[in-house]
Every structure is written in C-alpha cells, then in structure tokens.
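Under the heading transmembrane segment, TrEMBL lists A:12-34, A:75-97, A:103-121, A:168-189, A:210-232, A:271-292. Per TrEMBL, the feature domain 'ABC transmembrane type-1' maps to A:71-292.
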Amino acid sequence: MVENAHSLNIAASLVLLLGITYILGPLYLTFATASQSYEYLLRSGLAWIPGDQLFNNIARIFTETRIPLQMLNSLLVALSQAVATCALSFLAAYAIVGFRARWAGVVFALILATIMLPLDIRVITTYQVASNVLAPVNWLLDATGLNGVIGEVFGAPLHLEWSVLNTHFGFIAPLVAHGTGTFLFCQFFRTLPADLFKAARMDGAGPVRFMFDILLPLARTPFAALFVLTFLSGWTQYLWPLVASSTPDMQTAVVGLARLSPDTDGAVPDFPLIMAGALIVSIIPLAMIALLQRYLVRGLVLSEK
Amino acid sequence: MSAASQALFANRWLPVLLVTPLALLIVVFFYVPIIQAFYWSFFLERPFGGGSIFVGWANFARVLADPQFWQAGRRTLLFMVVGSSLAVLIPLILAVAADRAIALSQPARNVLVWPKGVAGASIGVVFAFIFNPFVGILAPLNHWFPGIWNPGIDGTDAFITLIAAHVWGGIPFNFVILLAGLQSIPRTMHQAAAMDGAGPWRRIFDVQLPLIMPQIFLTLVLEFTESVTSAFALVDTMTQGGPGGATMLLVYKIYTDGFAGYDLSGAATQTAILMVFVILLTSAQFAFLGRRISYER
C-alpha cells in the first residue's frame, strides 16, 4: 500500500526521539556525573560531559561501601526467586490444567487473587508472619483445645517459633507466593493440542513421565520468559528486603544504594559516588535486558493475556 | 488440552502433591497476613508482644477521624489519577509512533524497555539528584529566578518529581503491551479504512485506538493498582513523604506508622481500608469499563 503519510511519519519520529531522550537522559546524566569528582559537582553542578573519575568512583564503591557484598545478596535472592517461581508455578499450573480435579478452578482463582494485592500493601502483617511462620500452627493448637491436652500430658503447652526474618529464605518466600507464573504456564498449557495428551497416553506415558519428557521440553520459552521477568523483579525489590533485613550485610544492593545518601543537612551529598553506585547496581539487570530482551518482551506479553 | 476432558489424567493425589508447595507459600505469606490485617484492625495491638484487647470499630473510628489519614488518602488518589493516566498515555503515544515503519522504530523498541532493569529505588535516587534544586538540571533556573524550583520546600515540585520518576519506570510494561496490541491489528483493516478514504492520522483514532481498547483498559487497571501500592520505593528515596506531607502516600504512611511509630493497630486498620479500596476499584473498573469495550476482533 503506497500512501503519503509524510506528516505522520515526521511526527512519529519526533515522538520517538523525545521518548528515547526521556529514557536515556537520566541514564546518561547518571553516567556523566559518576565520572566526575565531588569538587567538580560543587563547582559546576550536574555534569553534562563525562570526566575522568569513573574508575576512581567505582573503586570507591568497592572499597568504601558494602555494595559488592550486597550485590552478591541480590544475585542470590534474584536467582533463587526466579528458579523457585519457575519450578513451583510449573508444577501448580500442571496440577490445575493437566488433571481432572474438581477443585482446580477454585485453587486457580485463589492463586490469581495474589496479583491484586501486592506485597507492598500488606507489608506490616507479612512482616509479623515472617517473624514467626509457625504462628498459625500455634493458633490452631490453641483454638482446637489441643494445646490444653498437650499442656496436661507434657507439663507445658506447645509454642512453636520460627522466624525467617534476616534470612535469604525469608527474602524470597513472600515474593514467590505470587500468581503470575502459574497464570503464565496455565495460559501456555491451554494452547497445546489435546491430541498431545492422547498420543502420550496411548504410548503408555503416565502423568509424571508426560511432565518430564513432553511438557518440560515444550515449555522452554515460557520458562525463559518467566525466569527473566522474576529475576528482574527480584533484583529491583525494595520494600521487602528493606524491612526483612536487619543487618547491612544481609541487605540487597538496591537497599544499600538508597542508604548511600545520608541526611546531610545543608551539605551537598557525594552525588558522583552515589551515581557510580546506581550504575553498578543497575548493570546486571540492564545487561540481562540487553541480552535476553526477546524473552522479556515475550514474558510481559504472556503475563497479560 | 482443556478442550477434551477425557484426555486429562485422572490421578487423585498427584495434582494435590504438585500444587502443595506453591499453595502452602501463598497461604502462609498471602492469606494469613491479609486475615491478620483485618483481625488486628479490631484489636488494640501492643508492640513487642504485649497482648491485645478487642476494641470493635474503635481503630476505624480513630483512623477515620485523623486528618493526616485523609490527606494521605487524597494524595494517594491524586497520585493514582495523574500518575497512571500519564503512565498509560505517554507509552500509548510512543507505541502508536513505534508501530510505524520508520527508522527510529527499532531502536525505540529496544531502549524503551530498559527502565524495567532499573529498580524503583535507583530511579528515585537518580531523579532526586537530577531535580536537586542546587546541583540538578533546574539549578540554573533557580539562579535566574530564585526559589522557583525546590522539591524540598514546595509540595507541588516534589509531587511533579515523583510523577516524573513513576512514569519513567512504568514505560516498559505499558509500551510493550500496547505495541503488541497495535501489531496484532490485521493489515487488511488499515487497507480497508484507507480504501474508504481514511488518511493515516484519521486511522489512528478510528481504527487503531478502538481496536486496542482491551489493552488500554488492561494497562489502566494494572497501573491503578501499581500506583497505589508500589510508590513506596520512590517516596522513600526521594521525599520521605515531605515537604509537609505533600507526598505522604498511604503505603508510605502505613510503613511509617507501623515500623517507626509502632502503631500496629493503626497500620493494620489502614492496610485493611487500602486493601478494600484496591479490591473495590479493580472490580468497579471491570464492571463499568470492561462491559463497554467490545473484545471482538
């Protein structure tokens, strides 16, 4: 179709140029300032052209702050969150779609409800639960009167206590308790032809064999998409690692970065150092986006449908 | 595979076993905290395990009588409406532009998803610096007109900074969804409209936008929840709720009341109110807006 859309194309180019500037501008200014010295910042403010202090500032991040150690925390948390989300969501989705279970619809709805109320909104009581995960068991023991019996027989009622705060497991578990992955896999399984099942059964494959030998290899793309999506979300989490960690050595890099700017009354904070920190902390997820963009876009689109 | 139910496996306990790990996590870390928030909102909870007393609706009465709660509520609503409208409108314009076969389209599709890799807290730290009144990009403006820009003192300036950072971080998801919607419009639709004499500008409003209404609606719904719940990192790194409570959004108030003020009952009550609000909002959007949109393609 040949048609004169010149004015529209020019307008579209301008819009895209503005959009790209809006995204890259702050990133460029971060980079430029990270490569200047504190004295330069005091003298001329925000840097528009890069200087020669980038490696110096990065070296200071490595020697003066805990960000390197905190990046290891972030890496561990983001990786295990991604692996756990992929594995548990795959199993749950297979249970919901692959079997003739009457409860499947209800369980699916209960899992999906998690998307509506994110962790940030219920952080107070999630913190309380994480400080003693076994509290509901204690409550059940009390409510059923079982604890009275235990108290009579053993001399004291049972009171269980298990805090997951300030542990890597505690950072991950509340974030894995989320429905996006299950939703994504369910959507994918439903696109598979029913004949696949029949053929597998005719060949004598049981449900476990079917899962490992047929479903798992087929689901490589949704796996990759969900992995990238969850890794990025785990790396960029802020509120939960902030409240769930009580020592700087357990904090994640994003939390450590936010703690770099102290409340200096009147004095200008050491922005070149902070910007160098922002660069270092964002480098792993940005590299991941650059390399695995295909899967990220696929994941975003799949999680919507 | 859901189509033919006789193709499904009939095991009774295997699916239970498969769903248990995730279900257990969701019960412990999602449903128990939610129930506890509602439970606590009817009790006066003392910090450090000091016991609790049933107080009925007293917590709600106390929270609803607090002018700070209403101010935070209004701020949250304002942030939600302005923030999410812009966070959908700007990616929408960008997506319509990137859908055209022009040179910049490919680089734009690449660059516009980058913010997905930058944490909200990092965005906050960076934007707080860029809009710093003394060394940021608007510092020269202050040089000529002293005091015209200072997010540390002026509530409106602080709010604008917050919105700018929020929209920046929201671009990737909304852009990708809206662009995917635009690209799934069959070429024949464009051709038919062109035959009928609709120019390329007119087709944006008469063909493209009506056909991606489901995507616009979806991004708007998700963006509403997102803006109510996920502004915490931005507020904490940029303004800490100030100046004078201008950026004190409810999520941030709940955090400060609970973790700094040890007012567990008050925080739980506000959590309960906020959760009911989010649930009502989402249901209302699906009930009123969802019905008007034809999902036919």
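Any Cβ shown, glycine's included, is placed from N, Cα and C.
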Distal contacts, the transmembrane segment (A:271-292) - CB-CB under 8 A, six or more residues away: 30-31, 33-38, 40-41, 53-54, 57-58, 60-61, 64-65, 67, 71, 74-75, 224, 228, 231-232, 235-236, 253-254, 256-257, 260-261
Outside the transmembrane segment (A:168-189), six or more residues from its ends: residues with CB under 8 Å to it: 73, 76-77, 80-81, 84-86, 88-90, 92-94, 96-98, 108, 111-115, 119, 126, 130, 215, 219, 222, 225-226, 229-230, 233-234, 237, 240-241, 244-245, 250, 252, 299, 302-303, 305
Taking a Cβ cut-off under 8 Å, which residues six or more beyond the ends of the transmembrane segment (A:103-121) line up next to it in the same chain? 92, 95-97, 174-175, 177-180, 182-183, 186, 239-240
